[in-house]
Structure formats: structure tokens, C-alpha cells
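This report refers to the structure that appears directly beneath it.
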Amino acid sequence: MSSYFVNSLFTKFKGGDSLRSNYYDCPSYTPDLGGRPSVLYGHNTGSAFQHAAQFPDFYHHGTSSFPHASYQQTPCAVAYPGDATGNILGQDGLQKQSFFGAPDSDFTQFGDCNLKVSGIRDDLESAEPCTAQLFPWMRPQATGRRRGRQTYSRYQTLELEKEFLFNPYLTRKRRIEVSHALALTERQVKIWFQNRRMKWKKEHNKDKFPSSKAEQEEIERERQEGSQVSEKHTSGEEDSEASSNSK
């Protein structure tokens, strides 16, 4: 029974015609085993491809010798022989060589990139500058412009007077501490002490401000003695006037 099954298969599928290379839709150039012309089994089977003898004329004269009807009706691509593929690859190689061998100035496929870059540059140049907020202390001061007078509050004046009575000359470290404590600048504290020393010299009729605390205490003592003498003098005059009036 098995031999019957095998024989039926062999009689149904023959080895010569059924195993041809052009059985599928896309035929290759490999000549068929039977030596017969290729037969297409696609949807366009009206006309068959030409014999292999016409290939030399086709590749010798160019693409114009290719049959127009076969080109339109053949559904699949045609496989070319070895020499034909060599010619085609050679032409592609020449085209690639001429393409890559051209100078950079001849390339126009990247022109749009240059246009985009130039457009971005124009946009950046035409953009308005950023207007940042400027505070009064950030603006440059003119040379001929006169500064306004600084007004001190009662608390600031009281603290500065206390510091002046303790020490009329401030060190740099102490001046920084006072300026931070009173919310003033070092320059403002320095100017206030200079003006205060000038005022003291006018009040005491001195050409020079005492450089030490001892000198300042001595001056204060003399001032107190002078005030006491003047008071005694005025009181004596009043007593003499009162005695003369009683007489």
C-alpha cells in the first residue's frame, strides 16, 4: 500500500517541468532546465519576455532597444547577467564619483540650511534688547551733579551722639559695626563724625580737635571751671547791686 502511495505522488509531480526556476511570479535570469523560453505565471501573462539572445543588443545599444511591450507587461524586475550588472554598477560608480568629487560650492542640496541659519541670525539681530529694571543706585552718577543732603532720624542722631561722646574717632571696624546697626553706609557715618568734630571745634574755640581722650577731658574740665567762674562773677555783681539798692 505504501508503494502505491509513493508511485502516485511521483506520477503526479514530475521532476522536470515542476521544478523550473521560473515557476513563481518573479522569474530570474537563470535559464530554465528544458531550454524553453520563460513563461510568466503572474497577473500579466499576455506577453512573454524575450530570449536571452536579445540581451547583448539591449545592453549594447542602451535602454532604447528594450521592447516597450515587454517592459509594460512584465510585473517583476528583470535580473541582468553578470556583464550587464557590471556595466550598471560601473555607471553608478561613475555617478557617485562625480557627485562626491564635486567641490562644496556646487552642492545646493544644503542651501535651505544656510537660509535657516541666516533667518535665525536676522531674528536675533532684530530682537529688542532685554530691558532690565534699573535701580537708582545702579545708574551712573554725573560728575557735576550735587548729591542731596542726608537726613538722619532722631534714633540715628542719638546713637551717633553717644558714640561720639564715647570716642570721637572711629576705627574702620567700629565704623562698619555702627553703619550696620543704624542702616547707614560707612561713608555717611564717616561724614557725620567729621561734621560733628568741626562743630565741636567751633563751640570750644579750638583750632584742633583733641586727638586723645585725656585731652578732651582736660578741655571739658577747663570749660566747666570757666563756666563756674562766670557764674560766681555774675552772682557777685548781683549781690553788690542788691546792697546798693538797700542803702
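Including glycine, each Cβ sits where the backbone N, Cα and C put it.
So that you can see what the record holds, here are the features copied from Swiss-Prot:
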- 134-139: motif 'Antp-type hexapeptide' (MOTIF)
- 145-204: DNA-binding region (DNA_BIND)
- 201-247: region 'Disordered' (REGION)
- 204-236: compositional bias 'Basic and acidic residues' (COMPBIAS)
I'd like the per-state residue tally for the motif 'Antp-type hexapeptide' (134-139) from DSSP, helix first, then strand, then coil.
3 helix, 0 strand, 3 coil
Mean pLDDT for the DNA-binding region (145-204), rounded to an integer?
90
What counts of helix, strand and coil residues does DSSP assign across the DNA-binding region (145-204)?
42 helix, 0 strand, 18 coil
